[in-house]
Amino acid sequence: MATYKVRLFNAAEGLDETIEVPDDEYILDAAEEAGLDLPFSCRSGSCSSCNGILKKGTVDQSDQNFLDDDQIAAGNVLTCVAYPTSNCEIETHREDAIA
């Protein structure tokens, strides 16, 4: 099992934290365990409440069923069902990015 450093940030929310996330744990779950308050609703990858923008790195979000290929290519990531597959940086609180 690998563990990756995941930077979660949003200037408007005053958030800039780096947490360690095992490759078998969802990013949202690890953030909550670290005491961070990130937005979410369904926790099943079926809505956009937890959407973030992947700025660096890679994730596996194959459990989600909401984002289309274009939205994923644009960097959208549903943190409730995303596993890190490398060190990464995610701009959180970005439900507004889904068009």
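Positions of Cβ are set from backbone N, Cα and C atoms, glycine also.
Predicted, not measured: the structure shown is a model, and the values here were computed from it.
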| field | Residue among C80, C88 sharing the [2Fe-2S] cluster site, where Swiss-Prot lists C42, C47, C50 as binders | value | C80
| Across the domain '2Fe-2S ferredoxin-type' (4-96), what is the average pLDDT of the model, as a whole number? | 98
| With DSSP helix as H/G/I and strand as E/B, how many residues of the domain '2Fe-2S ferredoxin-type' (4-96) fall in helix, strand and coil? | 20 helix, 32 strand, 41 coil
